[in-house]
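J.: Features from TrEMBL:
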- A:D7: active site (ACT_SITE)
- A:E68: active site (ACT_SITE)
- A:D141: active site (ACT_SITE)
- A:D7, A:D141: Mg(2+) 1 binding site (BINDING)
- A:E68: Mg(2+) 2 binding site (BINDING)
Protein chains: 2
Amino acid sequence: MKVLGVDPGLTRCGVGVVEGVAGRPLTMAGVGVVRTPADADVAHRLVLIERGLEEWLDRYRPEYVAVERVFSQHNVRTVMGTAQASAVAMLCAARRGLPVALHTPSEVKAAVTGSGRADKAQVGAMVTRLLRLAAPPKPADAADALALAICHIWRAPAVNRLQAAQAAARRTPAPVRTPKGTR
Amino acid sequence: MKVLGVDPGLTRCGVGVVEGVAGRPLTMAGVGVVRTPADADVAHRLVLIERGLEEWLDRYRPEYVAVERVFSQHNVRTVMGTAQASAVAMLCAARRGLPVALHTPSEVKAAVTGSGRADKAQVGAMVTRLLRLAAPPKPADAADALALAICHIWRAPAVNRLQAAQAAARRTPAPVRTPKGTR
């Protein structure tokens, strides 16, 4: 399976594509950051994030999109921008019928390092090792996006199947049911 | 000027279109609510909001879009959904090159009732009077969307002109400048 991980943010939106299945070595297909200028208005920044993410979706054609789940107990100023950027990521994926999974930062850290309270450096080091990279991806948002994708591949094969079925059900009409009592 | 007001929400996204200029009687062009099912996943709900808002933009062709500014000190559970829905509204507008203005709930209340702490009923009553409607628009989200549009028409002609110029500058390449010292 091929997963696009998105670490949402208005200034830097981390993106990373990982391919593989749980229990086998994983491969990085691509990693980067979609940036928007801090002096632009929010509406225009969201348009730039949409364009950037559409390019990633067009180029890598992932089957799943994993987005960091945003909590509002974080910094009040940044959380709104993060929520807005994550909305655009979810929208871009769902519009294409791709299943979207949300993972919390501690779920991602726990998946790749074994500890939900690991720091950035530890996450970066494990992403580098797991994807057999020459150096940790920079900036941290890019490494976090790869960690999200890895977490998704490892964490929830059952959730994936459920979400894929739900997404397919929305794309196609429901099957005709034979009424009870007839054959 | 024609303004689409959007009171963002995942369950009910209020929309209202008002035409007119400050100092003259205003006219309601349309009012309604974009609804999404509470049991759908967030990504799919954002797609439904996008589709709904696109229909409103296609049908009414507003020149400005006014969206309620979301604050994170509100209810933690609902604020994320509101922020995500407002992101979709801003995105839909900015993608068309429409200027987007954000107004706080108290700015809107103060504009239509004279008090920033007016209640829902008071806002509904003033919207009904100002737009010469037979009855207050229901639900409250629809009335709030109209109040946002009225607020925008009255509040900031200067802001509108600035935003329109900025949006136009992004749509068209910058004019060629004659270098200094040449004619």
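In case you wondered, yes, glycine gets a Cβ from its N, Cα and C as well.
Annotations in TrEMBL come from automatic prediction, not curation.
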J.: Reduce the DSSP letter at A:E68 (active site) to three states and note it down.
T.: strand
J.: Identify, in sequence order, the residues in the chain of A:E68 (active site) that are 6 or more apart from it along the sequence and have a CB within less than 8 Å of its CB; answer 'none' if there are none.
T.: A:V6, A:D7, A:P8, A:S86, A:L102, A:H103, A:T104, A:P105, A:V108, A:D144, A:L148
J.: Restricting to the chain of A:D141 (active site) and a gap of 6 or more, list residues whose Cβ falls under 8 Å of its Cβ, or answer none.
T.: A:D7, A:G9, A:R12, A:C13, A:G14, A:V33
J.: Using a 10 Å cut-off, grab the number of neighbouring Cβ atoms around the Cβ of A:D7 (active site), all chains included.
T.: 29
